[in-house]
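Visitor: Take this structure first; my questions come after.
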Amino acid sequence: MKKKIKIFIDGACLGNPGPGGYGVIICGKKLYKEISNGYYLTTNNRMEIMAAIIALESLHDMYNIIINTDSKYLKNGITKWIKVWKNNKWKTNNNKSVKNIDLWIKLEYLSKKHFINWNWIKGHTNNIKHDRCDFLAKISAKNPNAIDKIYQKIKNF
């Protein structure tokens, strides 16, 4: 039987695009971990997806996971839209290129290693763990130390 854990994630951006960050909390029976990082130039949606990627990359075993996010973009993207995008050769229903393809591909790959229930929660409603993720994401955005290379390449193209 797979171990059960809960993951709380949030992304933030000071301006969109602008400096951004993510916050992650992973908690289980004998596990509690906080992860955060900030980027010089990125978008809020990229930070939301990145938070999920970083959370899943940090796991070394297979888990039964509940991922809590306040991003409908992330939840709908990974649970509904990605199937349509892939069938449309990474185009939206409006025939536009899907944004953040690099992150969606990585997230889908990592998601297949676990059983994940993607849970949308309303942000800023006194959920202690989610509020902590929000705090970590904002602090990281204010103190960036990393470059979102793919985003900057697209931005400078």
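Glycine residues also receive a Cβ, built from the backbone N, Cα and C atoms like all the rest.
The domain 'RNase H type-1' annotation in Swiss-Prot covers 1-142. The feature Mg(2+) 1 binding site is assigned by Swiss-Prot to ASP10, GLU48, ASP70. According to Swiss-Prot, the Mg(2+) 2 binding site annotation covers ASP10, ASP134, on the basis of sequence analysis.
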Visitor: In whole Å, how far is ASP134 (Mg(2+) 2 binding site) from GLU48 (Mg(2+) 1 binding site) when you measure between their Cα atoms?
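Guide: So the Cα of ASP134 (Mg(2+) 2 binding site) lies 11 Å away from that of GLU48 (Mg(2+) 1 binding site).
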Visitor: Among the binding-site residues ASP10, ASP70, point out the residue whose Cβ has the most other Cβ atoms within 10 Å, with all shown protein chains included in the count.
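Guide: Result for the most crowded candidate: ASP10.
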Visitor: Within the domain 'RNase H type-1' (1-142), what mean pLDDT does the predicted structure show?
Guide: 96
Visitor: How does the domain 'RNase H type-1' (1-142) divide up by DSSP, counting helix, then strand, then coil residues?
Guide: 56 helix, 49 strand, 37 coil
Visitor: With every protein chain in view, what's the tally of Cβ atoms within 10 Å of the Cβ of GLU48 (Mg(2+) 1 binding site), excluding that atom itself?
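Guide: Its Cβ shell of radius 10 Å holds 27 other Cβ atoms.
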Visitor: Check each residue in the chain of ASP134 (Mg(2+) 2 binding site) that is at least six apart in sequence and keep those whose C-beta is under 8 Å from its C-beta; list them in sequence order.
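Guide: ASP10, ALA12, GLY23, GLY123, HIS124 - these are the non-local Cβ neighbours of ASP134 (Mg(2+) 2 binding site), listed in sequence order.
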Visitor: So which other residues, same chain and not among ASP10, GLU48, ASP70, have a Cβ within 8 Å of the centroid of the Cβ atoms at the Mg(2+) 1 site?
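Guide: Here the nearby residues are ILE9, GLY11, ALA12, MET47, ALA51, THR69, SER71, LEU74, GLY123, HIS130, CYS133, ASP134, ALA137.
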